[in-house]
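Everything below concerns the one structure shown next.
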Amino acid sequence: MAISSAMKKKKKEKEEYWKRKELVFLVLYAIAFYAFIIHRSLQLSLDHEPELYALRPGWLLPPRLNDASDAQWRNFRANLPILTLVFSLFALLANSLRALFALKAKGMSFVWLLLSLAYLSYLHGACILFILSIASLNFLLVKMFAQTKYFSPVLWLFNIFFLLCNRVYEGYSFSIFGQQLAYLDNYRGTFRWHICFNFVILRMISFGYDYHWAHQDPLFDQQKHIQRCHTCKSGKTCYRLLQERSVQKEKFSFSIYIAYLVYAPVYIAGPIISFNAFVSQLDTPQNNYTVKDISWYGLRWLISFSLMELVTHLFRYNAFAISRLWKLLSPMDIFIIGYGVLNFMWLKFSLIWRYFRFWSLICGVEAPENMPRCINNCCNLESFWKNWHASYNKWLVRYMYIPLGGYQRKLLNIWVIFTFVAIWHDLEWKLLSWAWLTCLFFIPEMVVKSAASTLQVESAFGEFLLREISAAGGAITITCLMVANLVGYVIGPSGINWLFSQFLSRQGLPVMGGMFITFYVGTKLMFHIDEAMQRKH
């Protein structure tokens, strides 16, 4: 027995030794890879700068230009000062009134209703009437059908109908409803209301289902959850508990409903909060984040913002993408630009979502973190989608995946869900192509995962082999993710044949080989990171 124990210990020590050696190699490879990417990106940006458009005078590193080609980032960056001033005032007012008058859900709903409607009046002008009209109809339908078997079809048909109509008619013209209202078209505000309304639709569906489930026997075992959850055991309240536990039926009032739909800190871009979680925090402000935690969160955001300024002043990833100049580049340079575009997008969305989440935390409402992991630390599709727009993923699981049958119908569910995700983003063929490509890539991963879960590996060689196969699978998955996202956000479906012809050419095949090796190394590095995190916890 003692000999067996000593042998196991020696075997484990040997494994740890080789893992440390492997980690050194992986880190050195990663450093060399990023050094090459940075050097080549700088060279490409300098060589092609005169041919790129949407570059503006920079301030960080004059006389370098700033890549302002992404409209979403450009508008967010330009409006940061006014947004910060507005949210500072809102947070001060809301928190002061809560403290002075000991306001609970009903009182705080009126506070946020008034503040948010003032905010929306500036953003959308007279178009706020469209928002309130559609929201009121949804409220009536939910109240009428919540306890009937027609509830789900009615709720989904109503919301998808307006999701499509809002886009087709581009937010409608008041003149459609009579010439006497045509003058209101001169007061449409500064921001297109139907773009923001996509998030309102998610909240309307959330309100509907949470109200529907409030009339049924709860399936969520609160006591069991508290026993298992480290956050809840410490006396705090985790987001899952806020979302899953039922709230009193009187909280499903019209004033709280509208306050939820237009809650200012997360109105424009999210993160998405379920109705249950929102209304629970109107009663009792979030207690997971202390003032110190929120301050550190804000400081990290400033560091990330500085990184984005550095990236847009030094590199031209997005400008290459929108100018279509990448079609003239070599396969290696196409890979570098594509990889750069995806990292730029991750950083952009991370900054936007964390900014609004920061203000929501200050106002006492915790929203889920949308980007809990870096894009370069996800080696499978499931992990990627759990960590990219994570609050949307939680919404899809709660209000689509589970009602559609959950794991038992997973292969069918992903097609319905990703098609909805594409339509929700915009009515474009390239987004539908992205959605269906993602589903195609998902199927083999699910089959392999299902088969792997039945395997029981005991020998050291078996463990080594499984790890190597998993790393190779991760490399293939990352390649598929890159292709799907480039089709969805850069080249479109018409560019798929061109992309494959480039990388399957004589010049492109070595690049494909290099990509595979790099992603294989990256996947193994992720394994080490995950193992370190498991040891920490």
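Just so it is clear, glycine is given a Cβ too, placed from its N, Cα and C backbone atoms.
No curator has checked TrEMBL annotations; they are predicted automatically.
Bear in mind that the values here come from a model prediction, so they are computed numbers and not experimental data.
Sequence annotations record features per position, and here TrEMBL assigns transmembrane segment to 21-42 (among others). For the transmembrane segment (21-42), same-chain residues at least 6 beyond its ends with a Cβ under 8 Å from one of its own Cβ atoms are 314-315, 317, 332-333, 336, 339-340, 518, 521-522, 524-525, 528.
What TrEMBL records for 82-103 (among others) is transmembrane segment.
Within the chain, the transmembrane segment (110-135) has long-range Cβ neighbours (under 8 A, six or more residues past its boundaries) at 86, 90, 93-94, 97-98, 103, 162, 171-172, 174, 184-185, 187-191, 193-194, 196-197, 200, 204, 255, 257-259, 261-264, 267-268, 282. For 110-135 (among others), the entry in TrEMBL reads transmembrane segment.
Summarising the annotation, TrEMBL assigns transmembrane segment to 150-169 (among others). Counting same-chain residues at least six beyond the ends of the transmembrane segment (150-169), those with a Cβ under 8 angstroms from any Cβ of the stretch are 134, 137-138, 141-142, 176, 194, 197-198, 201, 204-205, 208-209, 212, 403, 423-424, 426-427.
The annotation transmembrane segment is assigned in TrEMBL to 190-209 (among others).
Taken from TrEMBL, the feature transmembrane segment covers 254-279 (among others). Proximity of distant same-chain residues to the transmembrane segment (254-279), defined by a Cβ-Cβ separation under 8 Å and at least 6 residues beyond the stretch ends, is recorded for 86-87, 90, 105-106, 108-110, 112-113, 115-117, 119-120, 123, 131-132, 135-136, 139, 191, 196, 199-200, 202-204, 206-207, 210-211, 239, 242-247, 352-353, 356-357, 359-360, 363, 365-370, 389-392, 394-395, 398.
According to TrEMBL, the transmembrane segment annotation covers 299-316 (among others).
If you look up TrEMBL, you'll see 328-347 (among others) marked as transmembrane segment.
Taken from TrEMBL, the feature transmembrane segment covers 469-491 (among others).
A Cβ distance under 8 Å defines the sequence-distant neighbours of the transmembrane segment (511-529), meaning residues of its chain 6+ beyond its ends; these are 19, 22-23, 26-27, 29-30, 33, 331-332, 335, 376-379, 467, 470-472, 474-476, 478-479, 503-504. Per TrEMBL, the feature transmembrane segment maps to 511-529 (among others).
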| message | Quick check: do the transmembrane segment (299-316) and the transmembrane segment (328-347) share at least 3 Cβ pairs under 8 Å, counting only pairs 6+ apart in sequence? | response | yes
| request: For the transmembrane segment (82-103), find every same-chain residue at least 6 residues outside the stretch whose CB is under 8 Å from a CB in it, and list them. | output: 111-112, 115, 119, 264-265, 285, 355, 359, 362-364
